[in-house]
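First the structure, in the form of structure tokens, and then the observations on it.
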Amino acid sequence: MHKGKKNYPNLITSFRMNLKKIILNHDRFSHPERWKTNALLRFTFVYIKFLFDLMIIKNPLRMVGKTNRDAVTALNSLQSNYANIMAIRQTGDRKNTMTLLEMHEWSRRIGYSASDFNKLNIVHITGTKGKGSTAAFTSSILGQYKEQLPRIGLYTSPHLKSVRERIRINGEPISEEKFAKYFFEVWDRLDSTTSSLDKFPHMIPGSKPGYFKFLTLLSFHTFIQEDCKSCVYEVGVGGELDSTNIIEKPIVCGVTLLGIDHTFMLGDTIEEIAWNKGGIFKSGAPAFTVEKQPPQGLTILKERAEERKTTLTEVPPFKQLENVKLGIAGEFQKSNASLAVMLASEILHTSNILEEKIKCSSNASIPEKFIIGLQNTKWEGRCQVLEKGKNVWYIDGAHTKDSMVAASTWFRDMVRLSKRKKILLFNQQSRDANALVNNLYSSVSPEITFDDVIFTTNVTWKSGSYSADLVSMNTSQEDVEKLKVQESLVKNWNKIDDNRAKTHVTASIEEANELIETLYDEPADIFVTGSLHLVGGLLVVFDRIDVK
């Protein structure tokens, strides 16, 4: 950029984010009913918005183009920052009960009603562990029936390397061109329409839904425009109040293994979490879940199914899959694959592609196309093995106790006979990182001992910058810059490991990778786990190295 030239789009984006922060932190905006009672406050903000509209700030991206990069920049401006998240948590208000009403309103403003989404023949999947893998398995199975279902949509979160991964057609992320095209169609429709401030007082002109809500809207728009015949939707968080729950008539619903996660939003107990997950159940849409759910959670799921006038069936691991090499590694994936078989069976039968549904029995016969779909499933960052030069990388994102135990057990079983050096690369910036490390350590010990342990941030590059698609505003920037979490992890590791491993701290993923390459001349097995932002950032670093 030339010296003295103003970067107006970035300045405007920064202003809009700070304005949003003021609104969210203001007591009246936190409670819409109070906003309604203060006409002066309403007038002030509407007038401010009018002035900025005159300055062509309503949509600054119109001035600089509508590329994929512009779309990602605009999308990142919709993230809630760390201060806002902490402020909301301090109020103790777990639920945004307006979410679904808002989603209906945002949908109206981009030209759709919820009933329009029924034509997508949706599989709706929730759960704590494995819902993304189950969604990928289901999509891959359906993809084997291309003649009858030429276009299959898949909506998942989070992404690893590129936000486009969240919106896939036939297993592949949509292109940069299509992402930008559909993104700005939604963005511009929202800019050109308004909502009633009496019904939606916080939807001031020019405002947008949050990051995940916007992407959910974008996914519906994309799949309808691309004429997808069936779509698989993974819930973002929970189910009852998740933005994907605007889906009124799914064909079938699935629930993967339940566990404790997102407690601020969903509750502290399995019962509360199960209640939220069961919120996706709909009348007339059968629901399936994996075997060996926590008993208390299963009881609540059954109650929710009865309440919603549908059935809930437990799916046993199919014996026919015992010797099948699934596209996603890990013994625990057999349960997810079995659930995917039942979900796909329901869609294919409803679409008159399968004459008979697959029986929900461990001895059931599974069609060859289903097996091929499970074998061909690709899902980066989950039990992934990569050979890079002399080293072998074992990569599996894990951010809950159960997923960390599963990931660590997978790594232990994969390398227990290996004589190579063992290196751990870990970060988890926003959850109880030390507790996860303790779960990891107890899962691999005493069979596996690490020679070196590296704790890094999720910052992508040595320069201190992030890959654009990996920008995250929901963690404390001060903690990242001061390496507070990483230093705490070092102390904890040295304590539980009795100072046997060499511990290291790096300020970026790129630095961590360079450190690993210089630690030993001999080959090493490297376990990368924790945050999916770490996993995605590492894969981005690998991509740049491969290009060079």
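Each residue, glycine too, has its Cβ placed from N, Cα and C.
Annotation source Swiss-Prot lists ATP binding site at GLY130, LYS131, GLY132, SER133, ARG382, ASP396, citing similarity to another entry. Residues annotated as Mg(2+) 1 binding site in Swiss-Prot, with similarity to another entry given as evidence: SER157, GLU234. Under the heading Mg(2+) 2 binding site, Swiss-Prot lists HIS262.
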Environment of GLY130, LYS131, GLY132, SER133, ARG382, ASP396, the listed ATP site - residues of the same chain whose CB lies within 8 A of the CB centroid: LYS129, THR134, ALA136, ILE328, GLN333, ASN336, TRP379
Among GLY130, LYS131, GLY132, SER133, ARG382, ASP396, the record's ATP binders - longest CA distance, Å: 15
ASP396 (ATP binding site): tally of other CB atoms within 10 A of its CB: 24
Those residues of the chain, 6+ apart, with a Cβ under 8 Å from that of GLY132 (ATP binding site): THR156, SER157, GLU234, TRP379, ARG382
Residue among the binding-site residues LYS131, ARG382 whose Cβ has the most other Cβ atoms within 10 Å: ARG382
Largest tally of Cβ atoms lying within 10 Å of a Cβ, found at which of the binding-site residues SER133, SER157: SER133
Same chain, 6+ residues apart, C-beta under 8 Å of the C-beta of GLY130 (ATP binding site), given in sequence order: THR256, LEU257, VAL290, PHE332, GLN333, SER335, ASN336
Neighbour tally for GLU234 (Mg(2+) 1 binding site), based on other Cβ positions within 10 Å of its Cβ: 25
